[in-house]
Amino acid sequence: PFFVNRGGLPVDEPTWERMWRHVGRIHPEGDQVAQRIRGAADLPKIPIPSVPVFQPSTPIPERLEAVQRYIRELQYNHTGTQFFEIKKSRPLTGLMDLAKEMTKEALPIKCLEAVILGIYLTNNMTTLDRFPISFKSHFSGNYFRHIVLGVNFGGRYGALGISRREELMYKAPVFRTLSELIFDFEEAYRRCWHTLKKVKLGHCVSHDPHSVEQIEWKHSILDLDKLTREDFRKELERHARDMRLKIGKGTGPPSPTKDRKKDVSSPQRGQASPHRRNSRGDRRPSGEKKPADSKAMPDLNGYQIRV
C-alpha cells in the first residue's frame, strides 16, 4: 500500500504514517481528521513546484535565484514531523539520492534538507564552490541551530537555504569576502534578537554526485565568545584561503573506492583512505577544540532554528 503526495506520485507509507500519528497525538480528534482527509475525493490539487532547468547560457547568479525560488516554493516544514531522515555521515552519493527523492515527493523541508537539496540542484554548476555554514545562536535562555549552503562564484560569496526568517536564508553572491557574508548573517541574527555564539564552516563539496566521500561539515569551528572581532575576521579569511588552496590543488583525491582498487597492500598497514584521515587531521578548531571521535553520530535533532 502507498499514499500519493501533492504531485500525485507514490510515497512510501512510513513517511505519511508518521505524519498521521503526529496529527492523532496533537489534535483532539486527530484520528477522525486523518480519516476524513484520506477519504476525501474532492480535495483541490495542489501544484507541485517544478525543478529548475537551465540553458547553458544562463548566468550562474540567475541559476542560484531559480534554485532558491524552488526551495522556497517547497515551503518550510512547520508540522513538527521530520519527513526526511538525513544522516550527515552518509556518503555524498546517498545524500544525492535522498535529494532526488525530495524533488519527487515535494514535501515541506527544513534547513538541513535545503542544504542537501541545494547541493543536488547546483551539481552541474562546476564553476560554483559550495560549502556548509552552521550557526549556533542564543535567545531567551535557549540555544538554536541553523545551517545554510555557502556559495562562491567569481570570488563573490552568497548562500542558499530556508528558514522561518527571511534574513537567515538566501544571500545573493555579492559579498567580496567570506567575513562580509558571515557578518551579514550575524547582523540578521541581531535583528531577530538572537546572539550568535558559534560558526562552523565546512570544506567545498564535490560536484560528483556519485562520490562516496563524506561532506566535511566542520573544518573550522569558531567560538565567538573566545575570539575578538579581529580574530574572528582573520579566522574566516583563513578558512576561505584554505578552501582556495584546496581547490587550487584540484577537486580532491579520488574516492575511497578508487583508492582501494589501487592499494594492494594489507589494510592493517593503515594505508587505506589516506585523504579522509588527513582531511580530519587538518581541521582548524579556531577557538574551540573539537573531540576527535570519528564514530560519533551528528546531532540530527538540534539543527532547526526557532526564531
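Backbone N, Cα and C define each Cβ position, glycine as well.
The active site annotation in TrEMBL covers Cys111, His146, Ser163. The compositional bias 'Basic and acidic residues' annotation in TrEMBL covers 279-293. Positions annotated as region 'Disordered' by TrEMBL: 241-307.
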Counting across all protein chains shown, how many other Cβ atoms sit within 10 Å of the Cβ of Ser163 (active site)?
21
Including all protein chains displayed, how many Cβ atoms other than that of Cys111 (active site) lie within 10 Å of its Cβ?
24
C-alpha spacing of Cys111 (active site) relative to His146 (active site), in angstrom:
7
